[in-house]
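K.L.:
Straight out of TrEMBL:
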DOMAIN    C:7-80  domain 'Glycine transporter'
DOMAIN    C:92-166  domain 'Glycine transporter'
TRANSMEM  C:6-23  transmembrane segment
TRANSMEM  C:30-47  transmembrane segment
TRANSMEM  C:59-80  transmembrane segment
TRANSMEM  C:89-110  transmembrane segment
TRANSMEM  C:116-138  transmembrane segment
TRANSMEM  C:150-169  transmembrane segment
TRANSMEM  C:175-194  transmembrane segment
Amino acid sequence: MFLINSFEIIGTIAFAISGALIGIEKKLDLFGVMFLAITTAVGGGIFRDIIIGNTPPTAFINPASCVISIATALITFYFYKKLHKLKNIIVISDALGLGVFTAVGANTAVTHEMNYAFIVVSMGLITGVGGGILRDVFVKDIPFVFRKEIYAVASILGALCFFFTYNYLSEAMSLYISFIVTFIIRILSMIYNLNLPVPQNKENSSAM
Amino acid sequence: MFLINSFEIIGTIAFAISGALIGIEKKLDLFGVMFLAITTAVGGGIFRDIIIGNTPPTAFINPASCVISIATALITFYFYKKLHKLKNIIVISDALGLGVFTAVGANTAVTHEMNYAFIVVSMGLITGVGGGILRDVFVKDIPFVFRKEIYAVASILGALCFFFTYNYLSEAMSLYISFIVTFIIRILSMIYNLNLPVPQNKENSSAM
Amino acid sequence: MFLINSFEIIGTIAFAISGALIGIEKKLDLFGVMFLAITTAVGGGIFRDIIIGNTPPTAFINPASCVISIATALITFYFYKKLHKLKNIIVISDALGLGVFTAVGANTAVTHEMNYAFIVVSMGLITGVGGGILRDVFVKDIPFVFRKEIYAVASILGALCFFFTYNYLSEAMSLYISFIVTFIIRILSMIYNLNLPVPQNKENSSAM
């Protein structure tokens, strides 16, 4: 599980950077930037733990992810002008994070003996995208994940892979497959600029 | 309970349509539209279950409502231009949904042995209007239910009817009374265009 | 604990007034104004109870705070034009509320045998500022607490004082210290107009 743990740290950092950058863009103060970094990095996992009744959520008992997020937020706050050069690294790290959080979330459902397809996929998805949704709600953006690119779909497909393999393979193997499928779909969707269909209304007149 | 179950399905469809239509209006992609439909239809029940400690929430264990919501969202996504003709049906179905979710929510509190007036009414109200609040928060609208018409009030009065009758009548009878009271108040408020009072400030200068 | 209980009532009223005033400013109807008052006053405590698994949250079992919030909202709704004269009283009451909610929240973590620094501080902070965050999300403002003044920081430092003293002093004494530290820092930050650093970007071009 060493790789999974490493990817989890990389993903936490990437998610925290995305939260901190949006906080900076919205001119929040240092607390706001740190709060948004933490929310983005651990919000999905907290939400998942509340839903499955695993209280208090892991993020509160083991604050490692929060500490990493705070450190990341501080560095981002003071050096964000230099982060442009790292744009590709951040995008790839974000995809790593999506993959690993999806895999870990799906696995959490199973280890709590909730092994229906629907709840396994839901927990993978919520762990993967929940933090980003909270981040966007806090700064008054319509959540990114509702609007474009294959982001949630990558998470759903990755979680499904976990569900279909964990009965036959070792836990670690299923985690890796789920992670890799999510990661590759996410990266491919960016390379080929794939999007889900959007409504064809030219004007809002069609809305009721 | 056959009628209650039927109304629950009708209400789920109506709530999912309202979520999907707002998603389409806000130009979300297909995932966003589906997510918003699910949120609107089952968000109130999930929130209620988290509050009373019934985890994982029913919607995750029995995904029938989510499946109905997804199917509804898909149909709405591809045929929403034809939905204008159904406007009255959708409005009536929404009132059916408000009534049945209120009754079921109030009953859920009682079946979990929380039989104080305040919590019974709160659970009816949250089940009835919580999904719509979440939907509006996700798309950056101030929740509809805070702004106009007798919507929440119908739910509160319906839940109160459940509270005052369930000790004396059968469960089914209390559910029907709660449902009917909520439904009728909601429909009457639309027919006669009843609204709650709003503040009389002509300008914002009065706000602190 | 008489003083703590008194301060809790004063803080509840102050938080409810702040919620009601923002609801009035945003032209919500009477239900919306009451809902926002309740959310602001008890939202932080509900969120804290859900996180530590204390379900149903205290606010639903003992509705005293909700009743106080509703009464406060009604009075505010009909007499808010006269509230200008009370501006200083409201600001001081809000600081009292922040202090007492922080102390009570930190104590709640400890009484549920969660006595790590991180969770004690988190629960103090969430109880103190969670309601205000929810209030701002509902009316589409970026949460106040993310943007300016020493608000969250006062709560964090007060909760830390609770954590470092509760092993050595009586519960009441720790509560008072936590309360007083939070209150004084908050008041001083307003008197001297202290703020956290904000990002130095003159334009948004730096955001990714």
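Using the three backbone atoms N, Cα and C, a Cβ is placed for every residue, glycine included.
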K.L.:
Cβ under 8 Å, sequence separation of at least 6 from the ends of the transmembrane segment (C:6-23): give me the contacting residues as numbers and ranges.
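P.N.:
Apart from its flanks, the transmembrane segment (C:6-23) reaches 32-42, 65, 68-69, 72-73, 76-77, 80, 83, 90, 93-94, 96-101, 104, 131-132, 135-136, 139, 141, 179.
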K.L.:
Top stretch among C:30-47, C:59-80, C:150-169, C:175-194 for CB pairs under 8 A with the transmembrane segment (C:116-138)?
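P.N.:
It is C:30-47 that shares the most Cβ pairs under 8 Å with the transmembrane segment (C:116-138).
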K.L.:
Which of C:30-47, C:59-80, C:150-169 shares the most C-beta pairs under 8 angstroms with the transmembrane segment (C:175-194)?
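P.N.:
Stretch with the highest Cβ contact count: C:150-169.
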K.L.:
Average the per-residue pLDDT over the domain 'Glycine transporter' (C:92-166) and send me the rounded value.
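P.N.:
Looking only at the domain 'Glycine transporter' (C:92-166), pLDDT averages out to 92.
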K.L.:
Could you tell me how many residues in the domain 'Glycine transporter' (C:7-80) are helical, how many are strand and how many are coil under DSSP?
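P.N.:
Taking the domain 'Glycine transporter' (C:7-80) as a whole: 63 helix, 0 strand, 11 coil.
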K.L.:
Give me the DSSP three-state residue breakdown of the domain 'Glycine transporter' (C:92-166), ordered helix, strand, coil.
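P.N.:
Summed over the domain 'Glycine transporter' (C:92-166), the classes give 59 helix, 0 strand, 16 coil.
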